[in-house]
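Peer 1: Positions annotated as domain 'F-box' by TrEMBL: 2-48. Per TrEMBL, region 'Disordered' is recorded for 279-306. Annotation comment: TrEMBL describes 87-119, 525-557 as repeat 'WD'.
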Amino acid sequence: MDAGCPRLPDTVLFEIFLYLDHADVLSVGLVCQQWRAVARDEFLWKELFYRYYRVSRDVPRHPGAVSWYDEFQRLYDTIPCVEVQALKEHNDQVLHLSFSHSGCLFASCSKDCTVKIWSNELDISLQHSSNMRPYNWSYTQFSQFNSDDSLLLVSGVFVGPHNSSSGEIAVISMENFTLLSRVRNKPYDVFGCWLNETNLISGNLHRIGRITSCSVLWLNNAFQGIESENVNVVKRLFKIQNLNASTIRTVMVADCSRYDSPDLLLDYEEQLAASSTCPVFDLGSDSEEEEAKPKPPPEPAVQELPAAGGVPAEHGLQQLFDDIMEGRVRPAMTETELETKVAELFVRNRTKPPEPNLLPTDSSSKTKYLIFTTGCLTYSPHQIGIKRILPHQMTTAGPVLGEERRSDEFFDSLDHVIDIHGHIIGMGLSPDHRYLYVNSRAWPRDCVISDPMQPPPIAEEIDLHVFDLKTMKEVKRALRAHRAYTPNEECFFIFLDVSRDFVASGAEDRHGYIWDRHYNICLAKLQHDNVVNSVAFSPVEQELLLTASDDTTIKVWRSPRAMRVRQARRPRPRKLLFSWLMNQKS
């Protein structure tokens, strides 16, 4: 033992550990031999880890960790929580951030109606700025690089005739920053996304009634302005009916090919999730008795078919009209209820059935999932719709209206629906596309929606749910820490992002948040002066995180470990030059 270092019982040492700062705990082995011995004690580090981070003891150690000491150090040393730079080139609210796949560039969108391209070097610098006001845009709201980083999709709000608002998507070349094409996108919060290197997905909305509509999802070639007129540059992918004022929004594409080799398998609760027999689940119930019972999967409205031996849809619609005319409908239906009932009856035999066997059967599958927010009860997005995209649908070649279909098949059905029982305000995929993370604000338990134009009040707490897209089940418990305050009619999207080990999100409480994906714990709060709208991890360096805020700034955050490496890389004055300067002064 070192001279002057008293001998303390291990229990006392452990209690001291609990009150030390992270850095002190990690360096405490330098104090004396007794501390070094404790620092190598795996049992004590395990106890310290569970108690300090308040992790449930049924959660095993991270599958990539070699020791509890390394895990404690990882959660302290690799979290991007040190602010290193504030970018202030935008002059209005910054709404969205996106990295290129190489991590060398990132794009930012803003209420100032520009999309800016930044170079991610040791010090981040602005490389290019495109102003979209000459194209009658109000602001830019979303961007995404294609898979080889040669093109940038930019989504914004477009001002049409009589000051009507719609959406538009622009494609910008990363070679010379020229605008290649523009595509209408309605409603604007469809955002749009890439399906592959040269094809992107946009939306359109057709009103059928006051609260009934039809969403059409289109596949567009990015090079519309330069393709031959003999080649199709657009094709209809899907046409889906919307009930009760709902619409399709926030489209994204998940690639199924990596499901059998994920970056991080959330396996310690996977067996529990696999024991459930419910492929479509409702997150609104907290009853253990209800959750213990297998539930039949509720069908989305567009999949509702008459039971065997039941009344065909045409006869049912005629019967409804006869009942109304003869006063047999009691109590009397409101106009809204009548429109919904007629739409449901009409769609029964006018919908193409869902694809069988939604789940991918092998890792070599080229199938992709189109994922979007939707609903069936009110205009607030409260469901996640999933539609499988088959390989032959991933090109604009072929008929403009897509696959040939029977004349009575007006609509496509959803292959899977997840009911969130709350207002969805954000979605993000893990890098391997295995897990879907969803920000939502819950509705009151057992609420009843009688008017689709009056959705239930929403909670201030934001729940961050996790879904396994291979099994279509929820895994882990919902993450909490972040908050939002705007009511339903003013609620806006808060973008989240997922890295190999972490998930981050913005919030309306002027902070960004980081959680560990394996342990389900909040690790850091990142301060801004206003609402944090978007976060983005570098895809090649998860210890670098960007946050964008209504305070007009983009903040750059790095981990303590990255900061030490960064400082070591900075050139230092040579000793000979320093000596020469001192001699000159003398």
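Glycine too: its Cβ is placed from the backbone N, Cα and C atoms.
Given the structure is predicted, the values throughout are model-derived calculations rather than measurements.
In the displayed structure, how are the listed features positioned relative to their neighbours?
Peer 2: Within its own chain, the repeat 'WD' (87-119) is flanked in space by residues 125-133, 137-145, 147-149, 152, 154-156, 172, 174, 177, 495, 530, 533-541, 546-550, 552-556, which lie at least six positions past its ends and keep a Cβ under 8 Å from the stretch.
When Cβ-Cβ distances below 8 Å are used as the criterion, the repeat 'WD' (525-557) is approached by residues 78-88, 90-103, 106, 108, 110, 120, 124, 431, 481, 492-502, 504-508, 510-514 of the same chain, each at least six residues removed from its ends.
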Peer 1: Mean pLDDT across the repeat 'WD' (87-119), rounded to an integer, is what?
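Peer 2: Across the residues of the repeat 'WD' (87-119) the model's pLDDT averages 98 on the 0 to 100 scale.
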Peer 1: Is it possible to list how many residues within the repeat 'WD' (525-557) are helical, extended or coil according to DSSP?
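Peer 2: The composition, in the requested order, is 0 helix, 23 strand, 10 coil.
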